[in-house]
Amino acid sequence: MITTEIKRVKNHINGEWVESTGTEVEAVPNPATGKIIAYVPLSPKEDVEKAVEAAKAAYETWSKVPVPNRSRQLYKYLQLLQENKEELAKIITLENGKTLTDATGEVQRGIEAVELATSTPNLMMGQALPNIASGIDGSIWRYPIGVVAGITPFNFPMMIPLWMFPLAIACGNTFVLKTSERTPLLAERLVELFYEAGFPKGVLNLVQGGKDVVNSILENKDIQAVSFVGSEPVARYVYETGTKHGKRVQALAGAKNHAIVMPDCNLEKTVQGVIGSAFASSGERCMACSVVAVVDEIADEFIDVLVAETKKLKVGDGFHEDNYVGPLIRESHKERVLGYINSGVADGATLLVDGRKIKEEVGEGYFVGATIFDGVNQEMKIWQDEIFAPVLSIVRVKDLEEGIKLTNQSKFANGAVIYTSSGKHAQTFRDNIDAGMIGVNVNVPAPMAFFAFAGNKASFFGDLGTNGTDGVQFYTRKKVVTERWF
């Protein structure tokens, strides 16, 4: 339930809500108003150790529960998530700021991840080859790996945790979850519903906090694997530190997603696609379009329509249904984004839509409106860096080849999109672009949960991505059995 009282957030360890043993807390504001809605503990190492001990004890019995039974338990959780969709979306809008429309979409994508986890009996099946030699059979068996942990960001407080713990738990593991201290309330509700579904205590544990919790997870000898989603510098740190301590790590990192606009595109649908990708969720997502490489032949027409449509977007509190762009997560992030916009102007880019001057319209929240630059080049910080905001850079290119070359020069390689009506162009793009997830006339090429999610280059550190068969492989280990009987 959403209330107006200021909440003191707790940890959930071994099936109980408990106060952190530490004394340090951090205020959690509503990004649309700046008003404090909660205080979250910055838990110390001792809290992580208690959570790991609880998960370790629970693993002894949970790992032996038959796979179909684990799946049936998740069906109960799935039903509760579906029954509480509206409430979950409202919590996301309250603490994250994204519009209720965007939050509702996130809830649905999270539910789809749990749907994947319920299909684990199929996904965990091994392989067998009889008669590999005279009287000898060979087979591969999959087993859970133990206690695993997830470290998740603020921008998708429901979807990303649900990428992790349901699938890991369905595979027979137990879990320690550390969500962003910026969005702790949704995590609380996810855990409440999880135990309402009847799971044994200790199977899922929640430890709120900041970097001390992260370091404790990475260094704890009883945690076998760590899943992470966040910025590139932190992802690199998590990967290097976790692997140094002998852990399996998947670390999904930053992005600078490019869209190539060809002269043969459907102009109206392309403009709406770019707007949806660049400005929905206030641009705070790793699959947002932040650069458009538009071919010269259509550039002026495309930009004119894009600017006109962008100027129609309303900025404000995500609970108001007419608003398209909500607030950024914190005042500090807003100031960082304004710094990038100022940098683009100073570097000589042409500011076509200025999202800085909107305070008189939206009040005291952490708002930056949709912003568009033209005349951007690779020497500018606004092209190089992940801004994580509703800021779009336009680069004019002569043809598809130049657009692909531009895209591949980025240090990131998460997602990339082409807008075209040519199958040949789409094929050339698909075969030559360096990105983990590719879209053809799809504004956000984030795959459904039954496909793997991961980028390339500085967008991903690890081997196996989240979701799909990658996720099952990450959360299990194989045993190869060669046997004969006398």
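From the backbone N, Cα and C atoms, a Cβ is placed for every residue, glycine too.
What Swiss-Prot annotates here:
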type	residues	note
ACT_SITE	CYS286	active site, nucleophile
BINDING	PHE154, LYS178, GLU181, ARG182, SER231, GLU386	NAD(+) binding site
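Known features from Swiss-Prot, placed on the structure.
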| residue | record | Cβ neighbours (10 Å) |
| --- | --- | --- |
| PHE154 | NAD(+) binding site | 22 |
| LYS178 | NAD(+) binding site | 27 |
| GLU181 | NAD(+) binding site | 20 |
| ARG182 | NAD(+) binding site | 20 |
| SER231 | NAD(+) binding site | 15 |
| CYS286 | active site, nucleophile | 28 |
| GLU386 | NAD(+) binding site | 22 |
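Here the CA atom of GLU181 (NAD(+) binding site) lies 19 Å from the CA atom of the residue listed as 'active site, nucleophile'.
Under the DSSP three-state reduction, ARG182 (NAD(+) binding site) is assigned to coil, being neither helix nor strand.
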